[in-house]
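Asker: I'd like to ask some things about the structure below.
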Amino acid sequence: MQLPMLLLVSLPLLLNMFKPAEAQFPRQCATIESLRSGMCCPDYFPVFGPGSDQCGVSTGRGRCVQVTVDSRPHGPQYIHDGRDDREQWPIRFFNQTCRCNGNFSGYNCGSCRPGWTGPTCSQQINIVRRNLLDLSTEERRRFVNALHQAKVTIHPDIVIATRRREEIFGPDGNTPQFENISIYNYFVWSHYYSVRKTFLGAGQQSFERVDFSHEGPAFVTWHRYHLLQLERDMQNMLQDSTFGLPYWNFATGQNTCDICSDDLMGARSNFDVSLISQNSIFSTWRVLCESIEDYDSLGTICNSTEGGPIRRNPAGNVARPMVQRLPEPEDVPQCLEVGIFDTPPFYSNSTDSFRNTVEGYSDPSGKYDPAVRSLHNLAHLFLNGTGGQTHLSPNDPIFVLLHTFTDAVFDEWLRRYSADISTYPLENAPIGHNREYNMVPFWPPVTNNEMFVTAPENLGYSYDIEWPGPLRVTEMITIAIVTALVLVAIIFAAAACIVRAKKNRDELHQPLLTDQYQHYSDDYDGIATPSQSVV
């Protein structure tokens, strides 16, 4: 068979073999040679032997280049520069990567950018992410089954590091410390790796004021790519390029979980209120990255070992009444009125910041209040279990649905404000959160800036959701007038009741309330700062 015919026959097969790896690290690069050379530029179609088609260079897909890292200063929260493998990601592991041309993408440029498909990545595609509760019975079943399949299917391309860079070659110096991991567990592991503490050495307390995916501008961009990666992995697993992750609209204001049924994310167990019903497949799931004390004291990294079951007890935290109810429906449109993406210090105490508001450290109007947990944070805490612990939260599959809705809010904000990136800081954000920082631990490197775009036009997906538009001036005036009239009516009615009650009391010579009755104002008077939320 002549070479051109061989290429024609073999290419479709190879296209299926080389699926995208968008994280740490492609299996082909987890070798002594690659680690020592610092090069991770796998072949796409090596007709003439290994190394003959790095990044698909022979067909113009891409080329091997030096990794570009962000060297701008980060914020003051992190004080241990030089001690963490995630600094200037991914330079501690690799300094050369594939840079793909046009719509090509992936660790060897063998796949397509989000929103494109086909052998030459020339066919546009748009995935629709829908409300989980709007899915048919069959669609719900398929989604639940797909999640479970991802939980038990080894990722075809990715392996995870189980040691820090200084120990990556193993005890004998010749055994790379990487492990296989399932598709869904990789999703869990990525999140853990981004939030883990910085190990400072045996006998020293690990540094905890570091988080590459929360409490800063990258919160929305990091989680956007995190979801995009899982969605792509599941599309490949299912061989269905139209598969889209659904969302959970958690802004119901209720004290019940409307997706916690056995046909969806699992009802409450009849035998233990903190466990999932045995009628749900999710009751069989086991949690990854539980041994946080060992990681922090020994300097080890979470591996593929699973532990105990998922814990979940929605609205069950009686010690914190504020987290016993989900965000109110009006919280979302109120959040969308915050027109500045982020504000100094670009941290969890920023005020008038859309990012800090949707993340849930500010109240829905954008005002920072240390006593408040709203929107995304409140939804996590409401779950009251695995889903409420940052390093473990993706183990509960509700995480996926919670974050697709959060991403939908982010995408609507981008649409309303024309993706105004001017207030996304180039520098002085918490480490990992600068605009041009490569998000940890994704591979090939992808910056926060690349995810700060409207999804339908740039990332190939959209949300089936209707948002309430901003109120017009006439509507606001009308609401204000009606509210004022109602208040006046209430005041007159209350005054009439007081007069009538006083008259009756005088006539009967008997007080309405005894001295032992607790007045509503008693607790309020004891609050030092009444303007703060009372929990």
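Placement of Cβ uses the backbone N, Cα and C atoms for every residue, glycine included.
Fair warning: this is a prediction, and the values are worked out from it, not measured in the lab.
So Swiss-Prot lists these for the protein:
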SIGNAL    1-23  signal peptide
TOPO_DOM  24-478  topological domain 'Lumenal, melanosome'
CARBOHYD  Asn95  N-linked glycosylation site
CARBOHYD  Asn103  N-linked glycosylation site
CARBOHYD  Asn180  N-linked glycosylation site
CARBOHYD  Asn303  N-linked glycosylation site
CARBOHYD  Asn349  N-linked glycosylation site
CARBOHYD  Asn384  N-linked glycosylation site
TRANSMEM  479-499  transmembrane segment
TOPO_DOM  500-535  topological domain 'Cytoplasmic'
Asker: Is Asn180 (N-linked glycosylation site) helix, strand or coil when read with DSSP?
Answerer: strand
Asker: Can you tell me how far the Cα of Asn103 (N-linked glycosylation site) sits from the Cα of Asn384 (N-linked glycosylation site), in Å?
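Answerer: If we compare the Cα positions of Asn103 (N-linked glycosylation site) and Asn384 (N-linked glycosylation site), the gap is 42 Å.
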Asker: Asn103 (N-linked glycosylation site) has how many other Cβ neighbours within 10 Å of its own Cβ?
Answerer: 19
Asker: Which residues of the same chain, at least 6 positions away in sequence, have a Cβ lying under 8 Å from the Cβ of Asn303 (N-linked glycosylation site)?
Answerer: Ile160, Thr162, Glu179
Asker: Measuring Cα to Cα, tell me the gap between Asn384 (N-linked glycosylation site) and Asn95 (N-linked glycosylation site) in whole angstrom.
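Answerer: Between the Cα atoms of Asn384 (N-linked glycosylation site) and Asn95 (N-linked glycosylation site), the distance comes to 41 Å.
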Asker: Applying a 10 Å Cβ distance cut-off over all chains shown, what neighbour count does Asn180 (N-linked glycosylation site) have?
Answerer: 14
Asker: So which of the glycosylation sites is most packed in, judged by how many other Cβ atoms lie within 10 Å of its Cβ, out of Asn95, Asn349, Asn384?
Answerer: Asn384
Asker: State the Cα to Cα distance, in Å, between Asn180 (N-linked glycosylation site) and Asn95 (N-linked glycosylation site), rounded to an integer.
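Answerer: Taking the Cα atoms only, Asn180 (N-linked glycosylation site) lies 23 Å from Asn95 (N-linked glycosylation site).
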